[in-house]
Amino acid sequence: MPTNFTVVPVEDSTDPHQDSEDRAVREGDERELGIYLSGDESPTVDSPFITTSDYDTRHYYDGKNMALFEEEMDSNPMVASFLSKLANYTNLTQGVIEHEEAENEDGVKRVAIQVPQMGTFIGVYLPCMQNILGVILFLRLPWIVGTAGILESFAMVFMCCACTMLTAISMSAIATNGVVPAGGSYYMISRSLGPEFGGAVGLCFYLGTTFAGSMYILGTIEIFLIYIVPNAVLFEDNMPNNMRVYGTCCLVLMALVVFVGVKYVNKLALVFLACVVLSIMAIYAGVIKTVIEPPDFPICLLGNRTLKNKDIDKCMKTEDIDNVTYTTNLWRLFCDGPWLNATCDDYFTLNNVTEILGVPGLLSGVISDNLWGEYGPSGMLIEKKNLTSVPAPDLSENFNTFYVSSDMATFFTLLVGIYFPSVTGIMAGSNRSGDLRDAQKSIPTGTILAIATTSFLYMTCVVLFGACFEGVVLRDKCGDSVKNNLVIGTLAWPSPSVIVIGSFFSCCGAGLQSLTAAPRILQAIARDRIAPFLRVFGHGKSNGEPTWGLLLTVGICEIGILIASLDDVAPILSMFFLMSYLFVNLACAIQTLLHTPNWRPRFKFYHWTLSFLGMSLCLSLMFVSSWYYALVVMVIAGCLYKYIEYRGAEKEWGDGIRGLSLNAARYALIKLEEAPLHTKNWRPQLLVFLNLDSDLEVKHPRLLTFTSQLKAGNGLTIISSVLEGTYMTRDADAKRSEENIKACMSAEKTKGFCHVVVSSNLRDGFSHLIQSAGLGGMKHNAVLMAWPSNWRQTEDSLSWKNFIETVRETTAVHQALLVAKNIDHFPQNQERLSEGTIDVWWVVHDGGLLMLLPFLLRQHKVWRKCKMRIFTVAHLDDNSIQMKKDLQMFLYHLRLDAEVEVVEMHESDISAFTYEKTLVMEQRSQMLKQMQLSKTEREREIQSITDESRSSIKRKKPAGGRTSPSILQVPGILTLEEEAQLIHDRNTKSHASIKEKSTSNSDRVHMTWTKEKLVAERNRNREGNMAVRDMFNMKPEWENLNQTNVRRMHTAVKLNEAVVSKSQGAQLVLLNMPGPPKNKGGDENYMEFLEVLLEGLDRVLLVRGSGREVVTIYS
């Protein structure tokens, strides 16, 4: 439906003189724009129009009427400017035309660029006719009709023509959905189905065009050696070698013509087309003439066998001249002498010789004899059906030299593969889209008319050949029965030479066109940079001629020539063309079904059912012609697809496959929402929290490595991070962070999605990600993060508070939590753990996640050789032997291979070490609550009390005793300045509450220390420490402790001792993660419990289940 535009003039109250100046400025700008647009720059797909210049931006929209939009002019031009650029846009020639170069008086070469002026008839119709009509029509169509019969031949022609017509309809829809530059089907498929399909099918189309050149050259040589200059053969009894020698010479000659200049090929194209048209006109004229007077081409039959008519002067055994009987040349062929009493072949003796017309004419009634086919093996004699003969043994060893026989086994599917190349060439119009006056009108009209015309010609030729020729002549491929004349030439009027010469030049022209088009298809693919190994073929001569592509084309074409058989080469190129046509139909069908907004073809006579019918027909013809060739071509296309997918450049052309993926993803997400996920389909969908350093680089890349090892490319993975601030101020940082994370994901081979959010604080950012990451049924069910290893030494307590809140939130939303301690010590993807164990400490049941994670890890090559061990804890009332048997049976039903061990942890008295640890922990917490210390002073106090605790524990250890694995390690020695500052802070801590406001802005006190003063202070503090230790050793203090904390510390100490004793040498330890306290006042104690629990272990993965079962014993 046409759209009507109404242009409303907007008057501005400005000075008329100023208006005239503005108009002059605008006209000057428009002239500059027109000059720029007429250059050699071809518009890109993403930006088809030239951007506004700075001068345009400043002056073009000066005025008061549009001041409301003046700030948007840089990104959004006004409609008047947009329409001006649209009108000045020139669709330059992008095809195979080489611009003529002319020298001016100064000797400087100029390129004369002309606006495309070709219409539908010259630009599309005639090129398609020339490419479709060719060698198969002249050399093989009569033989196909005679072998398959009129009915089967008609069905064959109809199928092939229907295939190309349906493909042309799909191609017309794609070609009228935008500008199609050079490349033809490659461009259409790649922009519709993506670079992978486009590159694979484009290369198939290139190979098909290249082998078409081989076929045309072989046809040229066949016409030359058999019908024009038969004496030029170099090998008398070896025609394939003659084809190879002459074909190679012809290929080199044609390649030189193409290399010198395509303009010569284009100039000769009209001559070649005239030859084709005149040849077809001669055929139809000859058909009409047969009604009046059949041509005189007699054939000689011995019995019902067709004889070669090359050396036969008369079709008779003997002749009477003046009542004297003489033997003929035919007698001498079958007898051992020219005498009447000579010994002759039995079949020759028993059967008579018959002479019939080879072309009896349209009204002769032979059409009824040629309705059905006559297939047979190689070497089968060509016999006339309605003639009887007396059978006899053939005594002659070379009897096949006398009779016309089939040179190959024939069957219907073989003939389909040989015939199909005669209907190819429908892309000739789309390849010239840059040279057309109105491509979106000319391509559909010209292509469909050309296919309709050629289809009519082929179908009428099938019927007319069957109605005019004798069946034995039609089955005579090389015309041996008509004195080595071209079979179709015997029907032509006024002379067979018209067809011979016309077909010869037609094949030459088609070969040149193939050698011209194929390198440019390869060049178009190479310039898209989708396949690295093809980039060299994107270069050429200074005028753009693809020299390297021509060399490769000649090399591949030589392979086809070395096959030396037109009948063997034709099925090969049929496969490549059918593959290309199949994907053209697929592209149209997908775009139509997806209803993409950009799918707006001007050609309206298409439907997705027609495209699917064409696609099905192409696929059927591939396997009908040759199933093994079809499989080979599919394997080649598949290998090219995977190569481009993994090694090719990333291209985004808005292709239909991406749209299909989006639709499929939407459908799958909706289906996932309809029913809850079953346990058998559960797998960890990870939300990974990454920390970034000050340079926005990933702080722990091994977390991504572990993710890839755990996921192995399966399931959902969301890599996320949070930046503090507002998005308006940190949008650039967010984008840079995302780029850095994606680069790290690529380096660590982690497949997933990246998501960086900017939030006012880290806690809110983590909370938003936990709640909203993912989409529909594809949401994460587990969170993976690193253990905050420096939570004690950090200047801010938010680090461990955020960690604990994350634990609480994942529990609230019923998601699993995985916390990796010492993540930087985890193995890389390149490492191979040749031995070792993955130890699972199953303390509480978490839904089976602890069992599933080691199994998933062992699927990766890094952990594959590690054995799995499962430890469970038995108490006093438990039967440890029965527990082990039950656990082994449970693992057997889960199909998991693991060693099982039950660790007995009997109730024991709480040790003094546990009490002391608990007392120090509680006193520190209480002290921090009562004293409103500044941030720096609080950290110093925590470190001081921890050091005192460790010193008292160390003194209590017996001499020579082994250090308990749960004892905290002594920190490094303080420097002189730090120790002096720490002593001063202790001395002044009693005044902190009074001076808090006045000292809140000062973190450190500057003073002068002498060595003597420092030694005195050390001695004084040592006495104070003794008093503190005495206070810790007082049992009444233990009785005042929170017994819940004492029990928890006791559990952490005892369980840590058990884990360290059993799994200290394990490659990885998986352990149940205890939940945080419901009372947030004990968060610091919770962190201390976890530290004691994990102490002495290298690689640890704390696991907190989601509350649902993730493994099942059922199939």
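Note: Cβ is positioned from N, Cα and C throughout, glycine not excepted.
Residues annotated as region 'Disordered' in TrEMBL: 1-27 (among others).
Residues or ranges marked as compositional bias 'Basic and acidic residues' by TrEMBL: 14-27 (among others).
Per TrEMBL, transmembrane segment is recorded for 119-141 (among others).
According to TrEMBL, the domain 'Amino acid permease/ SLC12A' annotation covers 124-287 (among others).
Long-range Cβ contacts of the transmembrane segment (153-180) within its own chain (Cβ-Cβ under 8 Å, at least 6 residues beyond either end) map to 48, 91, 144-145, 187-188, 192, 373, 412, 415-416, 419-420, 422-424, 426-427, 430, 433, 439-440, 443-444, 447-448, 451-452, 454-455, 458-459, 462-463, 466, 578, 581, 584-585, 587-589, 591-592, 598-603, 605-606, 610-611, 613-614, 617-618, 621. Residues or ranges marked as transmembrane segment in TrEMBL: 153-180 (among others).
Positions annotated as transmembrane segment by TrEMBL: 200-228 (among others).
The transmembrane segment annotation in TrEMBL covers 243-262 (among others).
With a threshold of 8 Å between CB atoms, the same-chain residues lying at least 6 positions outside the transmembrane segment (269-288) that come near it are 126-127, 129-130, 133-134, 138, 295, 362, 457, 461, 464, 468, 488, 491-494, 498-499, 501-503, 505-506, 508-510, 512-513. Summarising the annotation, TrEMBL assigns transmembrane segment to 269-288 (among others).
The domain 'Amino acid permease/ SLC12A' feature in TrEMBL is assigned to 397-687 (among others).
The annotation transmembrane segment is assigned in TrEMBL to 408-428 (among others).
Feature annotation from TrEMBL assigns transmembrane segment to 448-473 (among others).
The feature transmembrane segment is assigned by TrEMBL to 493-512 (among others).
Same-chain neighbours of the transmembrane segment (548-566): 135, 139-140, 207, 210-211, 213-215, 217-219, 222, 239-241, 243-244, 247-248, 251-252, 255, 258-259, 515, 518-520, 522-523, 526, 536-537, 539-540, 572, counting only residues six or more beyond its ends whose CB sits under 8 Å from a CB of the stretch. If you look up TrEMBL, you'll see 548-566 (among others) marked as transmembrane segment.
The transmembrane segment annotation in TrEMBL covers 572-593 (among others). Panel annotation: around the transmembrane segment (572-593), residues 163-164, 166-167, 169-171, 173-174, 177, 185, 188-189, 192-193, 197, 201, 204-205, 207-209, 211-212, 214-215, 417-418, 420-421, 424, 560, 599, 606-608, 611-612, 614-615, 618-619, 621-622, 625-626, 629-630, 632-634, 637, 656-657, 659-660 of the same chain, lying at least six beyond its termini, place a Cβ under 8 Å from a Cβ of the stretch.
Among the features that TrEMBL reports, transmembrane segment is placed at 605-622 (among others).
Residues or ranges marked as region 'Disordered' in TrEMBL: 931-967 (among others).
Panel annotation: around the transmembrane segment (448-473), residues 124-125, 128-129, 132-133, 137, 141-142, 145-146, 149-150, 153-154, 157-158, 161, 164-165, 168-169, 172, 280, 283, 287, 290, 297, 299, 301, 306, 356-362, 364, 366-367, 369-371, 374, 382-385, 404, 422-423, 426, 429, 481-482, 487-488, 490-491 of the same chain, lying at least six beyond its termini, place a Cβ under 8 Å from a Cβ of the stretch.
Across the domain 'Amino acid permease/ SLC12A' (124-287), the model assigns an average pLDDT of 88.
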